[in-house]
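Reviewing the structure listed below.
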Amino acid sequence: MKSLYSVAEIRTIEHTIAQSLPAGTLMRRAGEAAASAARAMLAGRKVLVLAGPGNNGGDALEVAANLAGAETDLEAEVTVLYLPGSSAPSPETARALARARASKAQFVDSLPLGRDWSLIVDGLFGIGLARPIDGAMRLLVEAINALGRPVLALDVPSGLDADTGAVIGPDGVAVQATRTITFIGDKPGLHTFEGRDYAGQVQLAPLGIDPGQRPPAGARLNEPALFARHLAPRRHNSHKGSFGDVAVIGGARGMAGAPLMAARGALFTGAGRVFVAAIEPAGAVDVVQPEIMMRDAQDFDSGDATLVIGPGMGDSVTAMRVLFKALEGKAALVLDADALNLIADSPDLQGRLAQREATAIVTPHPLEAARLLGVTSAVVQGDRLAAARELASRLNAVVVLKGSGTVIANAGGAVVINPTGNAGLATAGSGDVLAGICGSLLAQGWQPWEAAIGAVWVHGAAADRLVAQGSGPIGLTAGELPVAARAVLNALAR
Ligand SMILES: NC(=O)C1=CN([C@@H]2O[C@H](COP(=O)(O)OP(=O)(O)OC[C@H]3O[C@@H](n4cnc5c(N)ncnc54)[C@H](O)[C@@H]3O)[C@@H](O)[C@H]2O)[C@@H](O)CC1
Ligand SMILES: [K+]
């Protein structure tokens, strides 16, 4: 299980473990792990180590001492820029400083100009950053980022909030890392919002603390093991009725494509029969995908079908009526796009959703989530995990908060961050496809929680597959996702 620990959880673990170890052990281990990560990245000799005022700086000084130590043949030319604070360093940082001073590392007072660094080690700030990086530190971070050299961040890229993935602001800056080696436990902020961009590749160094010594984490990273129980191979003796019906309701005038995208997402991930019930019927058949059955939402009887409501649905009276009926009924539900906007505007519909017996899946992007919560999208993005948790509890639903590092939460407080997917998904229609996949997995009997995390994982992996084939991220189209999702799902089921 890939646990993600909040800063508070890490502090608790650190505190408990440190009492059973000789002073400074964890910092020494962090310095060793990070020095091997640095050596693995090194394609030259010149290493710049940035060491800030706290224990993150102490880790950096350990790295400097290890890299510039006399024993190794692979000796690097280490330059240390140490920026002490106004208060004295911790005893372990003081020890690390003494070690680094006694090594061959060269200490400087400002960023040396004109050196072609092979690697920069960022130990300015870790989980103790309490306010935006400003003044001379800010100029230093900007100068480092402008160099565009490989950067190994220690614990967390300096300036990034390890809980939320936001750059600590207002008007903050953060170090742009190539790789982040994170200590004791992995952290949510490295995987969502701006975290994926700033952290680069994330590597965990548990510092000898085995999983048994760590309490359960508040969040985890999505992986197929979390939904594997639904990935059974299909029996030979099956028929289309074995895999459920999905009906996508949406498609106001001018928006006929959105429900078709969702319907294709459902069809290519294995739903038995797929309908589009259009608010404004645009045609009797989808000529590209004639398997999809076209109906008129006004008089459509959805029977036992799983309903995916909202893609391109608009806010007409018919849309409102269909949504009301669905919330009243017992069908498994995926609510997306315009359905969420209608619900945001109506406390009555919100109440009906929260009181439903069968848990619905709702798939807002940050602005839709903000409307549902009555806040701005900046507030949602500022703490995506908290926003998803709050929304799940208010709506009594499984919430899929889309965006880089999609966050999935349920009313029981479970939170998962999805690691698959890429910027190619930032294209019209990709959310419709995701809603369709959610509906498809529900229709095939998956529980709402697994259907949501499974759909998000598969959808992201489909985009990754397309990028690996050269079909993105630039110019990746939503229409390509369903076929790629089919390949991903079949590979998982095998
Ligand atoms: N305590 C432990 O047992 C371990 C700690 N470790 C390292 O220690 C880090 C946490 O150390 P700290 O709690 O000392 O925190 P940091 O090193 O992240 O930074 C805190 C220091 O920065 C100052 N500061 C905060 N915001 C600032 C700002 N905007 N501008 C200027 N100064 C600012 C604070 O006054 C304090 O001196 C972890 O991220 C990790 O790298 C690791 O060595 C593993 C073990
Ligand atoms: K750092």
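Placement of Cβ uses the backbone N, Cα and C atoms for every residue, glycine included.
Nobody curates TrEMBL annotations by hand; they come from automatic prediction.
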Where TrEMBL shows Asp122, Ser158 binding K(+), which of Asn55, Asn56, Asn222 is named for the same site?
Asn56
Since TrEMBL lists Lys402, Gly403, Ser404, Gly405, Thr406 for AMP, which candidate among Gly382, Gly424, Gly429, Gly431 does it give for that site as well?
Gly431
Excluding Asn56, Asp122, Ser158, please set out which residues of the same chain place their CB within 8 Å of the center of the CB atoms of the K(+) site, keeping sequence order.
Leu50, Gly52, Gly57, Ala60, Gly123, Leu124, Phe125, Gly126, Ala153, Leu154, Asp155, Val156, Pro157, Gly159, Val175
May I have the list of same-chain residues other than Lys402, Gly403, Ser404, Gly405, Thr406, Gly431 whose Cβ is within 8 Å of the Cβ centroid of the recorded AMP site, in sequence order?
His365, Leu401, Val407, Asn418, Gly421, Leu425
With respect to ligand 2, which members of the binding-site residues Asn56, Gly58, Asp122, Ser158, His365 satisfy a Cβ distance under 6 angstroms to one of its atoms?
Asn56, Asp122, Ser158
Which whole-number value in Å describes the distance between the Cα atoms of Asp155 ((6S)-NADPHX binding site) and Ser404 (AMP binding site)?
20
Express the distance between the Cα positions of Ser404 (AMP binding site) and Ser158 (K(+) binding site) as a whole number of Å.
20
